[in-house]
Amino acid sequence: MATVAVIGLGGMGSRIAGRLLDAGHDLVVWNRTPQRASDLVARGAVAADSPAEAARRADLVITMLADPAALQEVAEGPQGILAGATASTTLAEMSTVGLPAVRRLAAMLPDGVGLLDAPVLGSVSEAESGSLRIFVGGPEPLAQRWMPVLGALGSPMHVGPLGAGAAAKLVANSTLFGVLAVLGEALALADGLGLPRDTAFEVLSATPVGSQADRRRPAIESGQFPLRFALSLARKDADLVVSAAESAGVELPVAAAARQWVASAQKAGLGDRDYSAVIAHITDTARSG
């Protein structure tokens, strides 16, 4: 079994680490707040004093971090991952950080260090159950080497060379935010036209957004949106989608509009709520407007 290090033990990283322990891997962990490692250490993981130490002790280093700035902080510098990585180390960047961050990391790799960009589709429940969708970018032999480890976390799919994983995740995210915005606006329209919510949901169930309407209905009706993925992080991801489109010279007015709704919800104080709370924000805003 390979020794795996997990850098970043938030909601996603801690569950990924737990899955690796369950699969029988030797595990090294590091988090900026050391207390977050305590439960994993009690289960047999080793806590490293720095990202560099974690990298020195591992064959595969997984990063699951909030944003590009966090990745830069833990990867670079005298105590960063790159300072501890050796020619036998592979780094799997599993956060959603976008193409520029992946390219920056690739440009700084020590000789012989392998890099995969492997962001995930799914949230804490999928991470806990091992049902994440994992978009793997990088050289195919390197990707195939680590497929058994990634398979403990979900369903990995090799999508192309380095950077393709980040690109695939942005494509997926562009649909997620767009669907929530469309659902929110459809409900706002139903409210404005006097259509009862029960009827509106029956109508929406017959449309392309039907599965999302059915899935989100209990939260919308209760006004409670259990936290799976913070809206503040969704804002970061929506920004990455729009930025990537602009860099590629692609006009995405729907993605830009969805991003604007997410940004508006964050400005309204919903940043710590689940990102699906944007639906309630849309209906409330439309009603008050």
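Just so it is clear, glycine is given a Cβ too, placed from its N, Cα and C backbone atoms.
In the three-state DSSP scheme, K169 (active site) is classed as helix. K169 (active site) is surrounded by 28 other CB atoms, counting those within 10 A of its CB over all protein chains shown. Taken from TrEMBL, the feature active site covers K169.
Note on the domain '6-phosphogluconate dehydrogenase NADP-binding' (3-156): mean pLDDT across this stretch is 98. Residues or ranges marked as domain '6-phosphogluconate dehydrogenase NADP-binding' in TrEMBL: 3-156.
Residue counts for the domain '3-hydroxyisobutyrate dehydrogenase-like NAD-binding' (163-281) by DSSP state, with H, G and I taken as helix and E and B as strand, are 93 helix, 2 strand, 24 coil. What TrEMBL records for 163-281 is domain '3-hydroxyisobutyrate dehydrogenase-like NAD-binding'.
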